[in-house]
Amino acid sequence: MIKKRNTTKISVIGAGSVGATTAYALMLSGVATEIVLVDVNKSKTEGEAMDLSHGADFVKPVNILSGDYKDTEGSDIVVITAGAAQKVGETRLQLINKNINIFKSIIPQVVKYNKDAILLVVSNPVDVLSYVTYKLSGFPKERVIGSGTVLDTSRLKHEIGKRYKIDPRNVNTYIMGEHGDSEIATWSVTNIQNIKIDEYANKENLEYNDNFRKEVYENVKNAAYEVINRKGATFYAIALAVTRIVKAILGDEKTILPVSTLVENYYGIKDVYLGMPCIVGGSGIEKALSIDLNKTEASKLVKSAETLKNTLNNASCL
């Protein structure tokens, strides 16, 4: 449990596009009194910290530093964004061997100085690397969280909201499973302000059929690839997603977010990290919710878990 105190320290490991933008989003949110940036490229890290610090007059008081792992000591949350970036045409799972090796050097250093921190993994493939972090750190599963499908779920809400011309925040739904190509949309539990989506569409004379679901799902699944093809990387939306998770932890909100967590017995799925609706609070993941899926969704979720397990088993550097 995050203890109530006058200061809140967040460390961000990796000062690339995602890490730096995450630090910026955290700074704007006002959730931390200290943000520490760590990266192998020390010059860039110093530059990012300087640039952010120059905006001190426009946000709540926050001390932004660049440093080494020792400077992260006593962090409440350590956000891990370090790793090789996803290239055009490259899947998240193809990043695995590069990033596992990077994590083997990062995680022991993080743990050395942060025995009580909550670790929030953002680097891709996030589900696999969350599991790797869980194993390398020796931390309880509650304190090793992946950003999971929080961003994918926002993308799904955005797609539905855009088509139905409603506020995406009024759409209740989840993307579950891998943050990647095998993720699933939980149409069977999707609703618009507690009205089932099929009933809402029928009542409002809106499209809701197999073609609608396929188009929306494909747009969500391929969203990152589309962004990468156009601008080379995704970082704004994921930074906001990370900030949302951090706020839930620091505020002990006990809110439900589809983060990546260790699944132990859900539709027969065990010993793998997946994006699942979880209660997130001051202890990290307080409970994973076993929502009822239809047979098709459950089958796809099992396949998603198998995809991730096979990737882990085939990783040459484990």
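Even glycines carry a Cβ here, placed using N, Cα and C.
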Per Swiss-Prot, member of Ser147, Ser154, Ser182, Ser188 binding NAD(+) alongside Val18, Asp39, Lys44, Tyr69, Gly83, Ala84, Ser105, Val122, Ser123, Asn124: Ser147
Longest CA-CA distance among Val18, Asp39, Lys44, Tyr69, Gly83, Ala84, Ser105, Val122, Ser123, Asn124, Ser147, per record bound to NAD(+), angstrom: 25
For Ser105 (NAD(+) binding site), the one of Gln86, Val126, Asp152, Ser154, Tyr225 that lies nearest, given that the recorded positions are compared by Cα: Val126
Candidates Val18, Lys44, Gly83 (binding-site residues) with Cα within 10 Å of Asn124 (substrate binding site): Gly83
All-chain count of other Cβ atoms within 10 Å of Asn124 (substrate binding site): 29
